């Protein structure tokens, strides 16, 4: 019991800064929306449309680079810290290549925006302008993620938190300057949010790079002169590990986007109630997501030390803590669902629907916690390909079709409306949780030599 208690303390120490870093990141998006809305409703809508395209594109690159965390954690645990610098440099090369692809996609996103049904031309122009300003921040964001993953792989999660709040503090005044045109800068409205956010990502990267260069705990890692050439072998391995994670993230983001599109014809009340429940459940998701990041670090580190039993302890402790947290947040959601809905909207019909959907959200919080922590465990074991197959099967083969049938057809029961899609979420997330646990159990039953061999690749 003592080893589980000790492991829980380690996990909580790692996850709290990750939570706060995510809060800072979410707050930046909130600030952009509010400040653009203060300028005009059109500018706020433009930022919202632009963000809906930016997120899938940049999260694909973000997911690809998540492969660095277990690689660095494993090297750190095995005492091969001299190899970390080379891995990080290849991470920067990979981030640079991905940045070019993301920027090309975002530059041409105007074709997607202008093809939207009945979109106002002025709104479309502002959304395109916002994206074309924001895309210059893509390299800064991805370079920052490489540096952050280096720190987190070394079990140092506080720098990411500090840089997140630094970015938030810089974002507010720079937004103000470019939205309203102060200090000789042009008045750009919502497009100014894109300029400010792009600048903030570069500030965060430069600040994180400065920390890494001067941190005493990383002196032994700075052992290569010059930046070095791309290493095709290392980059191929990072892509093999990271691409399934990137695709899994992409499938998850696009699933919720597709459901939002399917709900939109059902009416204003249904759309508003769905959006309230989804926004609140997204806030609750920060808790298990941060724990999953901590579990990846601990499992990778323990495997690097050559201890498969300690890796199992880290995995089981993470699941136990995650389930306990999910039960608490589910009770909180059920108890206060009407009060929470009233914080978003005071329309009685919207509040009633949102409260009903939050009951379903409370049910899936436990499954959601298990599946995201399970994904973190599998990343720690460097078994990322299974994450892709599980996510695709659970969300797109089981969850979305069943949600569509329940919500919009009479094949099984009378049309359920938005609640049908939430039943689909429950089916998809529960399926993912079960499949993640089965895969974890299969991996942990393999001989230690095979587990350690995979982890060392």
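Glycine too: its Cβ is placed from the backbone N, Cα and C atoms.
The topological domain 'Cytoplasmic' feature in Swiss-Prot is assigned to 1-15, 74-92, 148-159, 209-242, 297-313, 371-386, 439-457. Feature annotation from Swiss-Prot assigns transmembrane segment to 16-36, 53-73, 93-113, 127-147, 160-180, 188-208, 243-263, 276-296, 314-334, 350-370, 387-407, 418-438; the stated evidence is sequence analysis. Marked as topological domain 'Extracellular' by Swiss-Prot: 37-52, 181-187, 264-275, 335-349, 408-417 (among others).
For the topological domain 'Extracellular' (335-349), the model's pLDDT averages out at 82. With pairs at least 6 apart in sequence, the transmembrane segment (314-334) and the transmembrane segment (418-438) have fewer than 3 Cβ pairs within the 8 Å limit; the two do not touch. Touching of the transmembrane segment (387-407) and the transmembrane segment (160-180) is ruled out by the presence of fewer than three CB pairs under 8 A, sequence neighbours closer than 6 excluded. Beyond its flanks by at least six residues, the topological domain 'Extracellular' (37-52) meets 29, 113, 116, 120, 122-123, 126-131, 134, 179-180, 189-191, 193-194, 257 of its own chain at Cβ-Cβ distances under 8 Å. Taking pairs at least six residues apart, the transmembrane segment (276-296) and the transmembrane segment (188-208) share fewer than three Cβ pairs below 8 Å and do not count as touching. Taking pairs at least six residues apart, the transmembrane segment (127-147) and the transmembrane segment (188-208) share three or more Cβ pairs below 8 Å and count as touching. Contact check: the transmembrane segment (188-208) against the transmembrane segment (16-36) gives at least three Cβ pairs closer than 8 Å, residues 6 or more apart, which meets the contact criterion. Taking Cβ pairs closer than 8 Å, the topological domain 'Cytoplasmic' (297-313) reaches residues 3-4, 7, 10-11, 14, 69-80, 152-153, 155, 157, 376-377, 379-382, 444, 448, 451-452, 455 in its own chain, all 6 or more past its ends. Same-chain neighbours of the topological domain 'Cytoplasmic' (371-386): 66-67, 69-71, 73-74, 240-245, 248, 285, 288-289, 291-300, 303, 311, 314-315, 318-319, 322, 394, 429, 432-433, 436-437, 439-440, 443, 451, 454-455, 457, counting only residues six or more beyond its ends whose CB sits under 8 Å from a CB of the stretch. Beyond the topological domain 'Cytoplasmic' (74-92), the same-chain residues lying 6 or more positions past its ends with a Cβ under 8 Å from any Cβ of the stretch are 65, 68, 143, 146-147, 149-150, 153-155, 220-224, 227-228, 230-231, 234-235, 238, 300-306, 382, 455-456. Tertiary neighbourhood of the transmembrane segment (314-334): same-chain residues 4, 7-8, 11-12, 280, 284, 287-288, 291-292, 294-295, 298-299, 302, 340, 358-359, 361-363, 365-366, 368-370, 372-374, 376-377, 380, 440, 444, selected by CB-CB distance under 8 Å and a gap of 6+ residues from either end.
Remark: secondary structure over the topological domain 'Extracellular' (37-52) totals 15 helix, 0 strand, 1 coil, with classes taken from DSSP. Beyond the topological domain 'Extracellular' (335-349), the same-chain residues lying 6 or more positions past its ends with a Cβ under 8 Å from any Cβ of the stretch are 269, 272-273, 276, 279-280, 355, 358-359, 362. Sequence-distant neighbours of the topological domain 'Cytoplasmic' (148-159) (same chain, 6+ residues past either end, Cβ-Cβ under 8 Å): 14-15, 17-18, 21, 65-66, 68-73, 75-76, 84, 88, 91, 208, 211-212, 217-218, 293-294, 297, 300-301.
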